[in-house]
Amino acid sequence: MSINSFGHMLRLTTWGESHGPAIGCVVDGCPPGLELDEPWVQRFLDARRPGTSKNVSPRQEPDRVRILSGTYEGRTTGTPIAMMIDNVDARSADYSNLPPRPGHADAAYDAKYGFRDPRGGGRASARETAMRVAGGAVARLVIPEVNIAAAVVEIGGEQDESRWEEMLDEARSGSDSLGAIIECVATGVPIGWGAPIYAKLDAELAAACMGINAVKGVEIGEGFAAGRARGSESMEAKKASGIDGGISTGKAIVVRVAFKPTSSIGIGGRHDPCVGIRGAPVVEAMVALVLADHKLLHRGQCG
Ligand SMILES: Cc1cc2nc3c(=O)[nH]c(=O)nc-3n(C[C@H](O)[C@H](O)[C@H](O)COP(=O)(O)O)c2cc1C
Ligand SMILES: C=C(O[C@@H]1CC(C(=O)O)=C[C@@H](OP(=O)(O)O)[C@H]1O)C(=O)O
């Protein structure tokens with residue numbers, strides 16, 4: 001792991017800023033011969049992009065992906081896969097007089113680096129997550145035996161979906177924002193991916209999801225409920241969960257991810273009223289990247 005990349009065997013490096021000309025990524029370590037084309041990646045990008053409803057950022061980014069390297073005649077060649085997306089609707093002038101936003105990276109970034117890109121969140125904008133989703137689309141090709149599906153299960157502390165629209169309308173009109181919880185389930189993961197220490201599968205999933213912008217909590221399996229349970233009642237103490245001792249058991253792996261409410265409220269620029277609404281494709285991508293990485297690690301170690 002380095003500052004701008006992720007993974008051991010299947011490595012994702014992303015580049016670009018939210019208000020620069022483009023964003024991109026390089027996926028390194030992908031095996032050759034896998035069917036990969038732009039429509040496959042686009043499908044996942046379309047699920048994440050802004051500008052699609054009143055409940056997400058109004059920034060109009062079509063997020064059209066181009067695959068620049070690493071494929072020939074629709075198949076991966078085993079060489080680095082470079083992908084990029086042009087930024088077409090940044091409107092940086094809207095950000096020229098914004099004060100540092102509490103809860104965003106503005107002040108912390110400035111304090112660390114001594115300067116920053118003041119156009120939007122720069123490198124810290126979740127625009128970067130588009131390239132995680134592109135990388136995740138490649139990772140899925142490495143693990144065709146696995147199904148990964150994430151969905152919003154809670155908005156603003158409310159599990160009843162029928163109330164969400166009204167709550168979001170109220171938050172938006174009051175210049176407020178809402179937190180959300182995403183649940184991601186991975187099925188079909190065979191027994192044996194992960195390691196008993198350090199590269200524990202649950203630890204790596206948690207780190208990958210915690211690294212998504214605005215994520216403030218990650219639970220795997222029973223999560224915090226395990227810390228409140230007795231051994232006689234804990235489901236994971238009674239029977240194997242999706243991950244035991246850092247290694248997959250063959251059962252479903254359940255990851256829950258808490259997104260904080262958007263910090264940019266009542267100021268200029270274009271923002272998501274509830275960032276978690278666009279979080280599901282990003283969580284799926286990070287889970288796919290970790291699982292694909294661990295499949296390759298397992299193959300390297302155990303054949
Ligand atoms: C899909 C997605 C969209 C986001 N949109 C916004 C936004 O419009 N405005 C904002 O202030 N933060 C937004 N965020 C959150 C910020 O990127 C995040 O709070 C910031 O990078 C600071 O990092 P931290 O919250 O992880 O500490 C978004 C996050 C995600 C995952
Ligand atoms: C552009 C996207 O979302 C952005 C995420 C984001 C943030 O602060 O995270 C802030 C807003 O944009 P900007 O960087 O212009 O301030 C969102 O529109 C995207 O997801 O593609």
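From the backbone N, Cα and C atoms, a Cβ is placed for every residue, glycine too.
Note: TrEMBL annotation is automatic and uncurated.
Around the Cβ of K54 (NADP(+) binding site), the number of neighbouring Cβ atoms within 10 Å comes to 10. Marked as NADP(+) binding site by TrEMBL: R48, K54.
The FMN binding site feature in TrEMBL is assigned to R123, A124, S125, N213, A214, G245, K260, P261, T262, S263, S264, R270. Taking Cβ-Cβ distances under 8 Å and a sequence separation of 6 or more, the neighbours of S264 (FMN binding site) in its chain are R101, H104, H271.
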Point to revise | Other CB atoms within 10 A, centred on R48 (NADP(+) binding site) | key: 23
Point to revise | K260 (FMN binding site): tally of other CB atoms within 10 A of its CB | key: 17
Revision key, fill the gap. Sorting the binding-site residues K54, S125, K260, T262 by sequence and keeping only those with a Cβ under 6 Å from ligand 2 gives S125
Review point. Can you tell me how far the Cα of T262 (FMN binding site) sits from the Cα of K54 (NADP(+) binding site), in Å?
Key: 15
